[in-house]
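Student: Take a look at the following structure, please.
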Amino acid sequence: MIKLFSLKQQKKDEESAGGNRTGAGGKKASAAQLRIQKDINELNLPKTCEINFPDDDDLLNFRLIITPDEGFYKGGRFVFSFKVGQGYPHDPPKVKCETLVYHPNIDLEGNVCLNILREDWKPVLTINSIIYGLQYLFLEPNPEDPLNKEGLFWFSVGWVGGFGVGS
């Protein structure tokens, strides 16, 4: 019995000495925070992408900037906001395009039609998977699953230049 008490005391001492993983404010980090930290540490960003954190202490909310270097959207600068919920990685992050763009898979409110953000999401997918998926949407838009019918029209007639250049 004494051994059990000494083990409990040892664990308390380790926790008070900083032995436990903590998030902001000394609270234990949630599963979502631990996983997003792992995803960010393992990021392998393409040269056309950049990520920034408005609040360095908040890894659950960040921005991605994509600047395609080929295709219809070459020269554009597209900003996406990521909001990672406490259900991550079991639930996908919420991703919105903050740049007005005529794109068949992005509507005028910034909603993105990317299958891995909806029905094909699996907990093994990472932030890196989403970034590459978003980048691919600018290289190969998917006219088979349009979210923005007007954007599909302008894309189909080849007139998208100049849209999405500002944010």
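The backbone N, Cα and C atoms fix where each Cβ goes, and this holds for glycine too.
The shown structure was predicted, so the numbers you read here are calculated from the model rather than taken from an experiment.
Features from TrEMBL:
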type     : residues : note
REGION   : 1-30     : region 'Disordered'
DOMAIN   : 31-167   : domain 'UBC core'
ACT_SITE : Cys113   : active site, glycyl thioester intermediate
Student: Can you tell me how the residues of the domain 'UBC core' (31-167) break down into helix, strand and coil by DSSP?
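Tutor: Reading the DSSP string over the domain 'UBC core' (31-167) gives 35 helix, 24 strand, 78 coil.
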Student: Including all protein chains displayed, how many Cβ atoms other than that of the residue listed as 'active site, glycyl thioester intermediate' lie within 10 Å of its Cβ?
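Tutor: That number is 18.
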